[in-house]
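Only one structure is covered here, and it is reproduced in the block below.
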Amino acid sequence: MIFTQTFIGLTVPALFLAFLNSRSASAEPLPLDEEDPHKERGRHDPVKYRSFRNKYLLVYCLVMAGDWLQGPYIYALYKSHGLNMHDISLLFMTGYLSSALFGALLGSIADNYGRKRVCLWFTLLYSLSSTMATFPVMGFLFVGKVLAGISTSLLYSIFESWMVSQHFKEGFSPFTLAKTFSWATYLNGITAISCGLFADTIVDIFGEVAPFYAAVGCFGLGAALITIFWNENYGGTEVSFQFVYSVLTFLPLDHRIALVGAVQALFEGAMFSIISLWGPILEAADGTSNTLPFGIIFSSFMVSMMIGSSVFQLLTNLGWNPKTIGKITFFISGAALISTKLISVRQSRNSLQPGTQNWIFFCFNIFEFGCGMYYPMIGTLRSAYIPEESRSTIMNFFTIPWNVYVVFILLAVRKRVKNHHVHVESTILTRLVVVSVVCFNLCPHFTDHMQCQPICSTGHNPLFTFLTSSCSLSVVHDDRPVILVYSISTCCCILSSWVTMSPSIMYPLETDFLPADLQRPLKPLFFNCGLITCY
């Protein structure tokens, strides 16, 4: 079958790139900025650094294993409980909303009461969530999803916050952070592949609930290792909504932090939308009632991510700047989703051309390759520009926009279908394309300010935004119930062009209304308003 062949075929370049990285000379990455605050900081003790890195990566792989064990089968488990797509999307929305609502406050708690302590709380909360998911009772499923949303917010912020803080506390060089992030992404891919294959095996024996109980074991072992090997570290000195508010009002004062957050929110909105919906999208593209090998498909995605991580590490060993690598990342990811959109929009509502599912699967693998490059790149940038005292709070705040965006996508699915619908993948993937391309549109301004040369100038072309918005509205004529989401996507395009073309727009205007430096950024607004009017 195409899925197994792809998995085997991707494994070969993944192993080859890993071999190249192990043999390559350890050239230090270029500094992020001439004004890097950590430039003179740190001494390099290879033995001590490897010990610290391995202790972190061991725990990181265990907690990620608990997450990945559930990932391929959460959709299948809900179906086995007798839930339809309407109910499943509602549960997913609950998880993302809880993550958005509690993320920033939990980050401030971690900064104050200790990141190690909150990591232990995470293992408890996610264990409870995994257990509740196995009960076919809607109340338990909702509570479990709330806990899962909170846990996911902690998983993608607190562990990294602890590692970065402890890294500098131990006196290690900041330039080794990029390699730590790259190793984390690479090992995360191996963990995900192993978990996908293991989940397939135990599901065949014990049923869909087995991976969720196995995840509880991973979280328990991770908690034990955290207790034994990790030291506590802290950020701020107070926890309150006032503290969270003061941190968030600080963000616009440093446009580098704001742009890092904008890029993260937009890109991860696309990424987590795919994580939530790749199962039903591929099933809809198949057009049959055949059961897909979710574990093998998921493992293929993870091998693609491993390849991307290896490419990132190889490029940093060659002296490439992480921000320059980010340009390539957004280009590849955007192109993959645009291709998916072009494939799906060709299909009519009542017929599917042969090979549609295979092409969408191929494009998803390309996107996951971009994700493998994205994770170490964005982690390196966050470590350089987010202040230590509020690292967890700000990182959790960055997750709020993409959580809200994914909720809108799932809400559209819930309104549109009660069960699978052949045309769903077109409407969903169109919005994913918009979000990913908006990231690419933001990136030129981001790198220009950081003194990196952009590989193209699309972000400075108002016609690019017009075409992106046109893409987002291309199938709206037969999907009126989801016009709100398309309008939001268009507004994102307008905002991205506004931010991209005018550095001063992020600060309070001190000049007269419509000053000269705002005339050019207003052009995309007129383009988009004209487009909406025509529609």
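Residue numbering: from 1, along the chain as shown.
Placed from the backbone N, Cα and C atoms, the Cβ positions cover glycine too.
Check TrEMBL against the ranges 291-312, 489-510 and you find transmembrane segment recorded for 291-312. Taking every listed stretch (57-78, 210-230, 291-312, 356-375, 395-413) in turn, the largest tally of C-beta pairs under 8 A with the transmembrane segment (183-203) is reached by 291-312. When the stretches 57-78, 90-109, 121-141, 257-279, 291-312 are ranked by Cβ pairs under 8 Å to the transmembrane segment (210-230), first place goes to 57-78. Take the transmembrane segment (57-78) and the stretches 90-109, 291-312, 395-413: counting Cβ pairs under 8 Å, 291-312 has the most. Sequence-distant contacts of the transmembrane segment (121-141) (same chain, six or more residues past either end, CB-CB distance under 8 Å): 63, 66-67, 70, 74, 77-78, 81-82, 87, 91, 147-148, 150-151, 154-155, 158, 209, 212-213, 215-216, 219-220, 222-223, 226. Between the transmembrane segment (90-109) and the stretches 257-279, 291-312, 356-375, 395-413, the greatest number of Cβ pairs separated by less than 8 Å involves 395-413. Using a Cβ-Cβ cut-off under 8 Å and counting only residues 6 or more beyond its ends in the same chain, the transmembrane segment (356-375) has close neighbours at 2-3, 6, 10, 181, 184-186, 188-189, 267, 270-271, 274, 278, 281-282, 285-287, 297, 300-302, 304-312, 325-326, 328-330, 332-333, 335-337, 339-340, 343-344, 347, 425, 436.
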